[in-house]
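The Mn(2+) 1 binding site annotation in TrEMBL covers HIS363, ASP367, ASP436. What TrEMBL records for ASP369, ASP436, HIS460, ASP515 is Mn(2+) 2 binding site. The domain 'GGDEF' annotation in TrEMBL covers 192-320. Annotated transmembrane segment per TrEMBL: 12-31, 37-54, in sequence order.
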Amino acid sequence: MSDKNRKYCASSYLNEISFVIILILSLYAIFKSRFVGTIGILACIILVLFNYRVKEASEEKFRKKIKDISFDLDKITKTTMLMNPIPLSVVELDGKIFWSNIEFDKMVGMDAEESSIGNKIEDLVGDITLRKVLDEKKVMEDEYEFNNRKYILKYCFAKSDYETDGSAEYKAIVYWIDKTDYENLELKYENSREVVMNIEIDGYEDVLKSTPEENRPIITMDIEKLLSNLETDTQGLMRKTGTDKYVLFMRKKALKELEKTKFSILDKAREIDYGNSLPVSLSIGVGYDGDTVEQTGEFASGAIDMALGRGGDQVAIKNKDGFNFYGGKSKGFERKTKVKSRLIGLALRELINQSDKIIIMGHKYPDMDAMGAAVGVFDICKSYGKIANIVLEGVNEAVEMFVNRIHEEKYYNGMFISHEKAIDMCDKDTLIVVVDTHRPSYTECPELLDISKRLVVIDHHRRGVEYISDTVLLFHEIYVSSTCEMVTELIQYTDYDIKINKLTAEGLLGGIYLDTKNFEFKTGVRTFEAASYLRNVGADTLAVKKFFNSYAEDFVVKAEVIQRTEIIDDRICLSYARQELENINIVIAKAADELLNIKNIEASFVLGMKGDTVFVSARSLGNVNVHVLMEKIGGGGHIDIAGAQIRDVSLSQAYDMVKDVIEEYLEEEEEKK
């Protein structure tokens, strides 16, 4: 209530009280003096009549004022609705337009003398979600496109004062808010945002060495021309930052155009051929959508590291939401230089010498490559006079024979520790060495990565989106056959004379033997050099072979897997094991290897289940990049050997997931033809 109204009410109450008091006094005066009392009563009556007239006049004035205001408001409301710059329509239950303003009529193409009233709204603008609004009778919002314009439709409903058949009639009020110009402005802003692209020529020196000397200037010129055309096509600015490194600044619109072509520059680079035995390929890292130019640059740096870590010949694009990838289908080639191994070995020696506590771990369900590499690092530490421990919670069949041999030798006493003990002894200064994986969630004891600030990673798998960051030392070589080969090189090429135990040498050779499938896959000159070195220090090949002996049950399961194989597109095998075995991951891996022996088969995928986890083993002869396919279901690996672990799904669900990924890959291949 306003102050004026409060004062009016208070005055009215006081007048009434005054009349009552005068009346009481007048009645009392009659008993004393009839004349005086009569005059008092007459005065009271006159005052009451006067007050009544005044009150009537005030209320009449108030009613007139309210009427004028109501008239003005009604006029203003009607004018506002009619002249509203936002198109507005009122629609009946049957879709007939009850009322519309001028802007709505303009929107639907009506002339000045025409009106949309009485027309069906579907006939003018198409099908909008009107029925749902009228049924639910609540405010709703939707998006709609009409005549190449984009609108936000705001629906609300109104109840009519008139009733039909005893029930109230409802009408929908629709506001058409045009957001086209806003979206165009937003798109223009998005397209103009800065993009940073780092480009690196993969193995540039090796490519030049593989090219006849007279053609080297030509191949260099062709690469430069290819990159110059990229700069022109993107309307960007390119700078050369090294012999084989470039940085390109451009706009986001240009990036979208490159994505439409799926970065055809990768294919154009591989087509450069002047007698070079090694193909030309590019690694490209793109950063965009950073809050600052500096952050965008950091995204680009992270992206080029990712592209290189995944094997090169591909594009990695990074923003706040993560990574996207293009390419990555070539097999890559072995680097012949051993300089990196020597430098990593020296750096590792420094870290070991500075550490009082050293813990080594591989991935969950370790295989011979993980276990052999871990024991190899243990021997390196022991050679430097340091005691190290390997985290191992349980033994699976993949390493059972090797671990049993270790327990028989005093040399390794106290080497293995449990998760609990590892966590108890670990602190921020403990040196943690992770082998044969770079994914935190795959490690034997992920909790250690959160405790220690000194992390070393030695791995040969293609880099995935999930990786251990903030390492003090990273040895990541995806062209190497196995992690055991990498650890063997650290032993070989370090200046310090490292002595390793005979069983350690056999474990390292076993890891190489496993990942190369008896030296048939991913073998290079360095692989045979490492194997030769291990033989020289005492590794017994017959003892190594015994690490991989299988039980009769495994052969039966493997035979059943091969029997129920589904062949897709006449070149890809897909199968599964029904039985749950403790070593199911080993059995399906062997089955996948076996399936590649079938004529015309280029890749194989085998699934098996243990507990709540479905294991997928993927193999390829090189034409199908199984790493890319496994990555789509959360796995990874190499172009020809990969795998995945899928939790909390049934075997049939996982089978369908893998089949969908294969069919999607085949469709993409078909589109390129």
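Just so it is clear, glycine is given a Cβ too, placed from its N, Cα and C backbone atoms.
TrEMBL entries are annotated by machine, without manual review.
Cα-Cα distance from ASP436 (Mn(2+) 1 binding site) to ASP515 (Mn(2+) 2 binding site): 11 Å (rounded to the nearest whole number). In the structure shown, across all protein chains, HIS460 is the one of the binding-site residues HIS363, HIS460 with the greatest number of other Cβ atoms within 10 Å. The Cα atom of HIS363 (Mn(2+) 1 binding site) lies nearest to that of ASP369, taking the binding-site residues ASP369, HIS460, ASP515 as the candidates. You'll find the Cα of ASP367 (Mn(2+) 1 binding site) roughly 14 Å from the Cα of HIS460 (Mn(2+) 2 binding site). Neighbour counts were taken as the number of other C-beta atoms within 10 angstroms of each residue's C-beta; across the binding-site residues ASP367, ASP369, ASP436, ASP515, the minimum falls on ASP367. DSSP gives HIS363 (Mn(2+) 1 binding site) a strand state. Reduced to three states, the DSSP call for HIS460 (Mn(2+) 2 binding site) is coil. The residues near the Mn(2+) 1 site, meaning same-chain residues not in HIS363, ASP367, ASP436 whose C-beta sits within 8 angstroms of the mean position of the site's C-beta atoms, are GLY362, TYR365, PRO366, ASP369, ALA370, MET371, ALA373, VAL435, THR437, THR483, in sequence order. Take the mean position of the Cβ atoms of ASP369, ASP436, HIS460, ASP515, the recorded Mn(2+) 2 site; other residues of that chain with a Cβ within 8 Å of it are ASP367, ALA370, ALA373, ASP459, HIS461, SER481, SER482, THR483, CYS484, GLU485, GLY511, LEU514. According to DSSP, the secondary structure content of the domain 'GGDEF' (192-320) in residues is 60 helix, 32 strand, 37 coil.
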